[in-house]
Amino acid sequence: MVTIVLNKYKLLDKIHIGQQKLEDLLFNLKSEVKPIDENNIEIEINADRLDLLSSDGIARAIKGLLEKELGEAKYNVTDTEYTLIVDNVRTRPYALAAIVYNAKIDLEELIQFQEKLHGTIGRKRKKVAIGIHDLRKVDSKTIEYKEVPLSYKFVPLYGNKELTISEILEKTEQGKLYGNISIANGVSPAIVQDDGEVLSIPPIINSNKTRLDENTKDFFIDVTGTSFEAVAQTLDIIVSNLAEAGGTIGRVKVLKSANSSQLSSPLFLHKIQNVREEYVKKILGIKTSKEEICKHVMRMRMNCDIENGVIRVTVPQYRVDILNEIDVVEDIAMSIGYNNLEPSKYISTNYGSYDYMTLLERKIRELGIGAGYVEISNFVLIKDEKLFSNKYVKILNPVTEEYNAVRNSLIPGLLDFLSKNQHAKFPIRVFETGDVVVYDSSTDTGFRNDKRAAYAIMDNKVSYEDIQAPIHYILKSLGLEVNYKEENNNIFIEGRSASIFYENEKMGVIGEVNPDVLIRFGIEYPAVIAELYISEIAKRLTNQR
């Protein structure tokens, strides 16, 4: 939870309701209100609802619940003459900027909003840092984000004399806290005017030149960081909340100096999330319709359309909490009100039993053992160089490069096993069943889990027929009369491989391993391999039950 302190009278004035009503509506948004004194309240907000970290963001959400405003908020957006040139900044390579004109906002609240974003999406400024400047005091319409030497001088925020960046790191609290994040090789990231004057050294401190005051209504906002997505989301969150305070958003041209590519910032990107009516009914246990679902989505300040019977929700980028379908369902529950969802007693007379997939996998393992194969078990993680497809899940910051990817097939693991057991008595017959993660563009993540089984034989002399016979036996024992269609790929010898089909559905692959692949794995003997797609087999067998 993230805690913010707001003036309750200013907040209530934005939405024209009483305090008890405010508390009830915030409870629906998974937030709690605690009074501090006569004028101020403390609000605990879920850490994923970054758009609610200011009074204007809260007001926007509550206006939707009150049906004073429905759907995504519309803001005044205009082009400006301002340009941000992004140079090659090695420690924090991404930057975007925007202008906001005539926003009527409490300065203390704006600073609180900025720091709460630093602590959440910004990961204490390590991932994202925000600079907010008084536009009146920015002299140049061309701003550059670049590396500067530590000898650069400027007056830091609330300072009264020029200091070098080195001195700022040594003498200021911000320098001591955040200097180690971005300083490297004797240079610092900096936001600089075209005359060379420094406006800020993110993520450390702004220049005193563009300090905000009570009369500031026009803002220049820069966001820098290590993740482009987080930078774009953060900027959208800030400018949309300032626009709720009456501001007009000004676009800034962003030029990447290395390749001259141009963006118009803020990006205001949206995501389309499809929602199934039956899924909503199942999760919430309610009777509803597509139209009613769309109404609740609109109350949660997102746009919703029904196209060809499909509910399409348009998610604004500042709603960083909406990752997939279940998050939209949660928003629908908030719109309905948790207190309005009727609890029902769940009565079950079912007895525990094995999942069908577990039983099928057990059967396949028993058949493999019965066919004379020894079961092995490899890690789900693997070295990416061993994979045959470039569509796989890469591990960020792996503990070791030997396990830097998630396997998308069982075949590389079997080949790796064979390469390490060439000294064993021949023939070697092994198999494995287990999970892989395969590419699937139809899913939210672009990948899905798949259950598979793979079989391998290595001997002084071995051919396609040696593996085809036991595989056919296993599939026939499962009740599948399959056929084999010649199909070449980079794993097997051309003309000595096939795909396994049942009623035009691919159930697996089989073939003699290509000598180039054997050399790649350091295998000196011929090998044959088959891989069965258990998930697909399960679908077919389930349909036959």
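Cβ atoms are placed via backbone N, Cα and C, with glycine included.
Record features, source Swiss-Prot:
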BINDING   D321, D327, E330, D331  Mg(2+) binding site
DOMAIN    268-343  domain 'B5'
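Structural mapping of features recorded in Swiss-Prot.
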{"residue": "D321", "record": "Mg(2+) binding site", "contacts (Cβ under 8 Å, 6+ apart)": "N46, D48, R49, L50, D327"}
{"residue": "E330", "record": "Mg(2+) binding site", "contacts (Cβ under 8 Å, 6+ apart)": "none"}
{"residue": "D331", "record": "Mg(2+) binding site", "contacts (Cβ under 8 Å, 6+ apart)": "H296, V297, M300, M302, I322"}
Residues within 8 Å of the D321, D327, E330, D331 Cβ centre (excluding the Mg(2+) site residues themselves): R319, I322, I326, V328, V329, M334
Cβ-Cβ neighbours of D327 (Mg(2+) binding site) (radius 10 Å): 16
